[in-house]
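Right, one structure below, let's go through it.
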Amino acid sequence: MPKPTRLPRVYVVRHGETAWSLSGQHTGRTDIPLTEHGEEVIRALGKRIVGEGKVLDPANIKHCFISPRQRAQKTFQLLFGSSPTGVPEHSLEDNVREWDYGVAEGKVTKDIKAEIGEDWDIWTMGCPEGETPEQIRDRCDAMIEKIVDLTSAHHGQEDSPGHGDILIVSHGHFSRCFLTRWAGLEISQGRIFVADAGAMSICGFQHRNFDERSLLGLNLFGEIEQ
């Protein structure tokens, strides 16, 4: 009897280090590049985890959704820079962009609290002139629905071009929100997750059931290991 094919996985990668990720400034719409060190780390990470039989096997990656911000696009390109098969086909996906921080853009938490109020909490209050928790929740839910529809449509069709794993290259808060919603939790609980620069989390399914979403790995290969 042939071995059952596992259900697809979703790999969620936060972009590499930027000047503002180092300083703690909230970086949403601002389109800043990776630091030189950030590029070096992602390039080394690609050599470590991308390739035949490795964590990210290009033969298994069938759908890539990349944030339009240059820091995410560069991270994606560097990850696959050493792959003999080159950079996979991908699409820029606005739904995986970072939380819109509104008036908090470019500011560190203490300065945001001084301006908005000491009780400011992005997880419950969102950002004035930016996104509410409900708005980023809806973006995450739209992506999850899209992913489940894609993966379930090709399940059992191993020869189908669409059968395989999914890669998302995004940002810190979005990644945490996505993991939260994948696990069926409220956005306010996203604070329990960590997404370091260059880190990867892995989402999947239990018992070969698309209704049983699960978290298979969290904050792997990130700053803790650099």
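Note: Cβ is positioned from N, Cα and C throughout, glycine not excepted.
Feature annotation from TrEMBL assigns active site, tele-phosphohistidine intermediate to H15. For E98, the entry in TrEMBL reads active site, proton donor/acceptor. Per TrEMBL, the feature substrate binding site maps to T27, G28, R71, E98, W99, D100, Y101.
When the record's substrate-binding residues T27, G28, R71, E98, W99, D100, Y101 are compared pairwise by CA position, the greatest distance found is 17 Å. Annotated pair the residue listed as 'active site, proton donor/acceptor' and R71 (substrate binding site), C-alpha to C-alpha distance, rounded: 11 Å. The 10 Å shell around the Cβ of G28 (substrate binding site) contains 21 further Cβ atoms across the protein chains shown.
Using the Cβ center of T27, G28, R71, E98, W99, D100, Y101 for substrate, the list of other same-chain residues with Cβ within 8 Å runs, in sequence order, H26, R29, T30, R69, R97, E105, H171, H173, F174. Each residue contributes its Cα atom, and for R71 (substrate binding site) and H15 (active site, tele-phosphohistidine intermediate) these two points are 6 Å apart.
Neighbour density for E98 (active site, proton donor/acceptor): within 10 A of its CB lie 26 other CB atoms from the protein chains shown. Long-range Cβ contacts of H15 (active site, tele-phosphohistidine intermediate) within its own chain (separation 6+, distance under 8 Å): L34, G38, S67, R69, R71, A72, K74, T75, V169, S170, H171, A197, G198.
Listed in sequence order, H26, T27, G28, R29, K107, C127, G130, E131 are the same-chain residues at least 6 apart in sequence whose CB falls under 8 Å from the CB of Y101 (substrate binding site). Neighbour count (other Cβ atoms within 10 Å of the Cβ, all protein chains): 26 for W99 (substrate binding site). Residues near D100 (substrate binding site) in space but far in sequence (CB under 8 A, at least 6 apart, same chain), listed by position: G28, R29, C127, G130, E131, Q135.
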